[in-house]
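Colleague: According to TrEMBL:
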type: COMPBIAS; residues: 474-489; note: compositional bias 'Polar residues'
type: DOMAIN; residues: 30-454; note: domain 'Ammonium transporter AmtB-like'
type: REGION; residues: 465-489; note: region 'Disordered'
type: TRANSMEM; residues: 30-52; note: transmembrane segment
type: TRANSMEM; residues: 64-83; note: transmembrane segment
type: TRANSMEM; residues: 139-159; note: transmembrane segment
type: TRANSMEM; residues: 171-192; note: transmembrane segment
type: TRANSMEM; residues: 204-223; note: transmembrane segment
type: TRANSMEM; residues: 235-254; note: transmembrane segment
type: TRANSMEM; residues: 266-285; note: transmembrane segment
type: TRANSMEM; residues: 297-315; note: transmembrane segment
type: TRANSMEM; residues: 321-341; note: transmembrane segment
type: TRANSMEM; residues: 362-387; note: transmembrane segment
type: TRANSMEM; residues: 407-432; note: transmembrane segment
Amino acid sequence: MASLPPNPVPAAYQGGSASVPDWLNKGDNAWQMISATLVGLQSVPGLVILYGSIVKKKWAVNSAFMALYAFAAVVLCWVAWAYKMSFGDKLLPFWGKAGPALGQKFLIKQAALPETTQFYDNGEVETAMATPFYPMASMVWFQCVFAAITLILLAGSVLGRMNIKAWMAFVPLWLTFSYTVGAFSLWGGGFLFHWGVMDYSGGYVIHLSSGIAGLTAAFWVGPRSTEDRERFPPNNILLMIAGAGLLWMGWAGFNGGDPYSANIDSSIAVLNTNICAATSLLVWTWLDVIFFKKPSVIGAVQGMITGLVCITPGAGLVQGWAAIIMGILSGSVPWFTMMIVHKRWTLIQKIDDTLGVFHTHAVAGLLGGVLTGVFAEPELCALFLPVTNSRGGVYGGSGGIQILKQLVGGGFIIGWNLVVTSIICVVINLVIPLRMSDEHLLIGDDAVHGEEAYALWGDGEKYDSTKHRDTTEEGSVQTRRSTGATQVV
């Protein structure tokens, strides 16, 4: 009898082989890696483009580079020690044990978050440990891009004056002593995770923390130059919209990847994300038209961002009608704090939050967290949360307690970031000045990097009347002024 021919399929594609173990679900693994890539694209090039375009011309290079540097620095720190501090074995109720995520023995085994086993009070298992059907390498990379974008969002508060060398020191320190605490506490199996605080995809871990830390860092760094605070027009609004578009579309990976599976909850999360973002953008724009008589493109982008941020803690936990309500509130509450409260609150005016990250991320993130406690639907909660019978306030039962849990969870993130970010800034300032010199503040990119975004006349060049005199048709000197309904300053 003739022998069968050898299997023509390479081992790398054969089920049950070392490359394709029985626990591997290729669909889940593909979606997780695509989601990680989408989140990465939100930062590089998304926020690199947005930051480089939304600031005035003389800070375009510096702002874009702060984002690019943060992304690279986080990747290395994450795999060297920070991943396991966020998702490894417990060291403290709010912190994991540091360690590398680099060896193949760790990276090729099935993904698992060791501290996520949920127990009843009597010690019996309520929900088993999270063990997605793909390798640890996919989990490490997916969580890495979340950490990276958090630092980049924080950077938006200190654009246009933070010493780049101080920023280079700030990134690994804040990642280590702030981000990892929030991530472990709420996602990795820490005390807030087991208590049942809901943060589906980072309304607290990413947005509330970056908004509060950004405002705190802005306080310690100090304000931009007086000229920059008075006049800070975007240097390229069209590119700013392109960067914002990458942020919006990339949010499909941001919220759609957090069930750790290509499942029903992932689909619900992506749909709700877009519903809320679109509603919020429209509401913000309508408010600009009603109160300022014209729609602002910057305002529309800010409304889009607040909608994306607000839905994030509840993306896979709320129904579509609730996403619309959250969008209405995320388009109006942060608008109110930015356009009304900010201008009347003396303390907040003294702190120069360049891009209004406090309003677009901290306010919207906390709002979303609380609204998740109100609208989280029991059936959807059962698809994702480790605490059984979880529900929002409108569904009765334990829902009222859930709102309290959401407030406490937000309070912890706010308090930790206020204290730790302050300590980091004070320590860095002992070694490296947090703020640029007055000369660098006057000139901008050319002084800081020896590079400029555009070979055009503008801030940072010496004035030459033979080349740079702007005139109207009548021959008089043209006056420059800021326009637009919603200002970033």
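Any Cβ shown, glycine's included, is placed from N, Cα and C.
The structure displayed is predicted, hence computed values, not measured ones.
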Colleague: Counting only residues 6 or more past its boundaries, what in the same chain has a CB within less than 8 Å of a CB in the transmembrane segment (362-387)?
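Modeller: Residues 116, 118, 126-127, 130, 193-196, 198-200, 203-204, 206-208, 210-212, 214-215, 259, 263-265, 268, 305-307, 309-314, 316-319, 322, 325-326, 329-330, 333-334, 337, 393-395, 399, 402-407, 409-410, 414.
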Colleague: Are the transmembrane segment (235-254) and the transmembrane segment (204-223) close, by which I mean at least 3 Cβ pairs under 8 Å that are 6+ residues apart in sequence?
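Modeller: Contact criterion not met.
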Colleague: What else in the chain is close to the transmembrane segment (139-159), if you only count residues 6 or more beyond its ends and a Cβ gap under 8 Å?
Modeller: 32-33, 35-36, 39-40, 42-43, 47, 51, 55, 59, 62-63, 66-67, 70-71, 73-75, 78-79, 82-83, 86-87, 101, 107, 111, 113, 132, 167, 171, 174-175, 179, 183, 202, 205-207, 209-211, 213-215, 217-218, 221, 254, 257, 260, 353-355, 357-358, 361
Colleague: Under an 8 Å Cβ to Cβ limit, what residues of the same chain, 6 or more beyond the ends of the transmembrane segment (204-223), are close to it?
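Modeller: Non-local partners: 146, 149-151, 153-158, 161-162, 166, 170, 174, 178-179, 182-183, 186-187, 197, 229, 309, 312-313, 350-354, 357-366, 368-369, 409-410, 413-414, 417-418, 421-422, 425-426, 429, 434-435.
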Colleague: So are the transmembrane segment (171-192) and the transmembrane segment (30-52) touching or not, going by 3+ C-beta pairs under 8 A with a sequence gap of 6 or more?
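Modeller: No, the transmembrane segment (171-192) and the transmembrane segment (30-52) are not in contact.
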